Protein chains: 2
Amino acid sequence: MYQSEFEIIRRYFVDSGLYFTAPGIELGIGDDAALLHIPQGKLLAISMDVLVEAVHFPVAADAGLLANRALAVNLSDLAAMAAEPFCFTLGLVLPSNNEQWLEGFSQGLLPLAKKYNCPLVGGDISRGPLSICIQVQGLCDKDKAVKRSGAVVGDKIYVSGTLGDGAIALASLGLKSHLGVSFAMEDESQSSSFHQYFKNAYYKPEPRIELATECATLLTSNIDISDGLLGDLAHIIDASDVGAQLLVHRIPYSEAALCCMSAENRLMAALHGGDDYELCCTVAPQNCEKFEKKATQLGARVTCIGEIVAGSGIRCLDESGTLVNTEAGSYLHF
Amino acid sequence: MYQSEFEIIRRYFVDSGLYFTAPGIELGIGDDAALLHIPQGKLLAISMDVLVEAVHFPVAADAGLLANRALAVNLSDLAAMAAEPFCFTLGLVLPSNNEQWLEGFSQGLLPLAKKYNCPLVGGDISRGPLSICIQVQGLCDKDKAVKRSGAVVGDKIYVSGTLGDGAIALASLGLKSHLGVSFAMEDESQSSSFHQYFKNAYYKPEPRIELATECATLLTSNIDISDGLLGDLAHIIDASDVGAQLLVHRIPYSEAALCCMSAENRLMAALHGGDDYELCCTVAPQNCEKFEKKATQLGARVTCIGEIVAGSGIRCLDESGTLVNTEAGSYLHF
């Protein structure tokens, strides 16, 4: 069946329920631009991510899972600023108007859009090699946006959830990893029982919106771990003009990661792997107890893994206080 | 020379001067999200366009021209809402980190960004088949946004500039046109002397920001002509639940279009061609004189080409009042 661009938009992105009314949306899909009303006292946070087939996700990946991941990684950027999701726009480039794919894709966007009351308000669709560009719009109180640049000496460094699963998932899904050939499952039979866990970790990362927005005033800096802990923490210390000391034995891992990977590869996955979409944040010492308590109330796991120090660069220490060699780099797109 | 994503962003998108300070930009490139301050009494207008190589522009097109076009067509969407440009974001997918290309591309964005005080504030860059996704953010007074849905019976229909050049440019540039094989230059020798004119029309369309924002209160509806006059006017009448009568002999053409094309192909280009990025708007009869005077003051050409009527659909009449058959459709991406 022949479908025009407008029919596709109507059928899969309006009628599917992705364009719903929400506070502040004056006008959404169907005009030359969407019109948004920003409440007084709020800042607008905007962030864009592009996902390209065969670069960020495997060829012929499930459309619904892909959609979920695409929106999740964008919402994770809002979590990094402690901003509440507001609405999103979608630039979709598609090889053909495959109805089944479009149906799966739009349905895959729906759960997170609904959960965060974040409707689709516009975008563009075109024929071409598959890629997905999403821009999220978020709102935060003027005095509550958490930037990368606020870390000060003495602050404790925390991460949410567990690290390394994103990179291990790549190996589990049989995808190329930039961590090298030695980065592989310890035990294939073990890994297969955790396959679904890692698939979920990769396609359904949970954006830490609630943790970030509820704890915003307790954080001095914040970032989401998309390129690997070392690379992302480096952004914080560079922007804040400080150094960091990491206690690598404190890094939290999932049960699956503990079962499937050697200690060395697990550490590599956490430090350089990326794709975890957990938060890495800094908290002043006097607020740590409050932060940990609040996180517990929210059902979120947070772990203190180090401290901001004077100087520059990141020193990684093991349990015995010995400097750990952490070669390899975090994910670089070029 | 090896360049990381971050080096590319710094070198070509920050140091190049595209990320400059402008009112309302609290935080731009360099964090997980940009933070924008929206002045009280203003609405935020957002619009996204994706341009894909070999679909929207020829393979190996000049990077600077491409950049100009990509930003221009997005700004044209803001003009359609009568919104002032505020800032933009860029999702760039690139086959390789070609320095010359990146240099040309970032320089090509600069003139329009500077002219409209519209800095680059964020985005994403990735390896993959060449495509350019731009989202523009604009501002308009709460009571001044011009939607597609405000046209009423009796309103006059105007277009800015001249029509058809976008489609004729495609033929002049040797690109495939959806208008069919008979859509060609009348006289090849003539066309070559106008080649530069059409190249400019295609790569450097002028977004009608000033005309739209200065005349916002005089317009009952507005759209930019990206898919062809008939297709875009259809959006206005559908959204406004009215019909339209077009006097096709009134459609304004450039000297180049008059020289190079048969009357029939010229009309086809205007009605179905698209890529003109002129405005098509409606004005209440009592405001037409004011509108025309204001346009003249601004140095903008506007032409009344018809009227909003009761009913639905678009009737095209020629000089003698005879109904004109206007087959073919406007540009459909799928």
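Every residue, even glycine, has its Cβ placed from backbone N, Cα and C.
In terms of DSSP helix, strand and coil, the domain 'PurM-like N-terminal' (A:30-138) has 35 helix, 44 strand, 30 coil. The feature domain 'PurM-like N-terminal' is assigned by TrEMBL to A:30-138.
The number of other Cβ atoms within 10 Å of the Cβ belonging to A:SER47 (Mg(2+) 4 binding site), over all protein chains shown, comes to 28. Marked as Mg(2+) 4 binding site by TrEMBL: A:ASP32, A:SER47, A:ASP77.
Listed in sequence order, the residues of the same chain lying 6 or more apart from A:ASP224 (Mg(2+) 3 binding site) and placing their CB within less than 8 Å of its CB are A:SER76, A:ASP77, A:ALA79, A:ALA80, A:PRO207, A:ARG208, A:ASP232, A:TYR277, A:GLU278, A:LEU279, A:CYS280. A:ASP224 (Mg(2+) 3 binding site) falls within a strand segment according to DSSP. The Mg(2+) 3 binding site annotation in TrEMBL covers A:ASP32, A:ASP77, A:ASP224.
As annotated by TrEMBL, Mg(2+) 1 binding site applies to A:ASP49, A:ASP124. Neighbour list (A:ASP49 (Mg(2+) 1 binding site), Cβ cut-off 8 Å, at least 6 residues apart, same chain): A:ALA70, A:VAL73, A:ASN74, A:ASP77, A:CYS133, A:ILE134.
The Mg(2+) 2 binding site annotation in TrEMBL covers A:ASP49, A:ASP77.
The annotation substrate binding site is assigned in TrEMBL to A:HIS56, A:ASP275, A:TYR331. Sequence-distant neighbours of A:HIS56 (substrate binding site) (same chain, six or more apart, CB under 8 Å from its CB) are A:VAL50, listed in sequence order.
Cβ contacts within 10 Å of A:SER226 (ATP binding site), excluding its own Cβ and spanning all protein chains shown: 22. What TrEMBL records for A:GLY123, A:ASP124, A:ARG148, A:SER226 is ATP binding site.
Look at TrEMBL and you will find A:153-315 tagged as domain 'PurM-like C-terminal'.
Annotation source TrEMBL lists Mg(2+) 5 binding site at A:ASP227. Cβ neighbour count for A:ASP227 (Mg(2+) 5 binding site): 23 (other Cβ atoms within 10 Å of its Cβ, all protein chains included).
The 10 Å shell around the Cβ of A:ASP124 (Mg(2+) 1 binding site) contains 23 further Cβ atoms across the protein chains shown.
A:ASP275 (substrate binding site) falls within neither a helix nor a strand when secondary structure is assigned with DSSP, and so counts as coil. With A:GLY123 (ATP binding site) as the anchor, the candidate binding-site residues are A:ASP32, A:SER47, A:ASP227, A:ASP275, and the one with the nearest CA is A:ASP32.
Closest to A:SER226 (ATP binding site) by Cα-Cα distance, out of the binding-site residues A:ASP32, A:SER47, A:ASP124, A:ASP275, is A:ASP275.
Other C-beta atoms found within 10 angstroms of the C-beta of A:GLY123 (ATP binding site) number 24, with every protein chain shown included. Across the structure, A:ARG148 (ATP binding site) and A:ASP124 (Mg(2+) 1 binding site) place their CA atoms 31 angstrom apart.
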